[in-house]
Ligand SMILES: Nc1nc(=O)c2c([nH]1)NC[C@@H]1CN(c3ccc(C(=O)N[C@@H](CCC(=O)O)C(=O)O)cc3)C=[N+]21
């Protein structure tokens, strides 16, 4: 079988159109959704992401402000900015770009963001609400993966899903969201014995490990849906996923490319969460 491509770029564009219409509706009621993005330091990849987020906001009519702070910013100063943004009525969503410099405690920073403005969905209270099925923000990357899965038209209920990777920002919330949709979920990681065998059981395989092309075609069940969350820079320019695309596409029914798969969906979901925050 040759897989169909799950075109994240195209689907994200459609989501942005939806968001644009929602923003227009909110503006008629006198509400302009606002997002604050905070970037500490000058990591080149982060600069690009932050610029893209800002551009995406402008395109759909969301007010956005970017706070660029020097790498030497103290934790105190960063926390002060977040508290100020927590109290700023124009700002409905706050995103602190990760990773932060070593001298700043990520956990303390995320904990300071007001729950109702946590559009990344990284705070402990939000994660707790996700796990128990209460109202919450769905973390942008796994949320984007779920939207892509739904675009295939497969019925998630009762399917065997394998998530490779157990990070707090992707693997764990992804597993919870699949579980909420009644998949039978296995989480694999670096200590998993016989990873290939686990992966071959998957009707839905989500790769979020950060290892270039480590999931190969021989690890994929015939007809599986393969979602590749990895964004790995190899060499100067080339971007590859955690999945070896050519061999995996021989087996899968649907597969996301890198670039142009999950990445653009992440940004589209951030816009959606910001509108949701403003609506509340
Ligand atoms: N607080 C926080 N929230 C985040 O959501 C967050 C973060 N920190 N830190 C970094 C990661 C990474 N991330 C991406 C978003 C879009 C693409 C994306 O659009 N990628 C394009 C390619 C862009 C390129 O060339 O690098 C694609 O896959 O087609 C990638 C990665 C959000 N992150």
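Cβ atoms here come from the backbone N, Cα and C positions, even for glycine.
If you look up TrEMBL, you'll see 165, 166, 167, 231 marked as NADP(+) binding site. Around residue 231 (NADP(+) binding site), taking its Cβ as the centre, 19 other Cβ atoms fall within 10 Å, counting all chains.
The domain 'Tetrahydrofolate dehydrogenase/cyclohydrolase catalytic' annotation in TrEMBL covers 6-120.
The domain 'Tetrahydrofolate dehydrogenase/cyclohydrolase NAD(P)-binding' annotation in TrEMBL covers 139-279.
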Among 165, 166, 167, 231, which binding-site residues lie by ligand 1, judged by Cβ under 6 Å to any atom? 231
Tertiary neighbours of residue 167 (NADP(+) binding site) (same chain, Cβ under 8 Å, six or more apart): 208
Filtered by Cβ under 8 Å and at least 6 apart in sequence, the residues in the chain of residue 165 (NADP(+) binding site) near it are 171, 188, 189, 206, 207, 208, 209, 210, 229, 242
For the domain 'Tetrahydrofolate dehydrogenase/cyclohydrolase catalytic' (6-120), the averaged pLDDT of the predicted model is 97
Would you identify the secondary structure of residue 231 (NADP(+) binding site) according to DSSP, in three states? coil
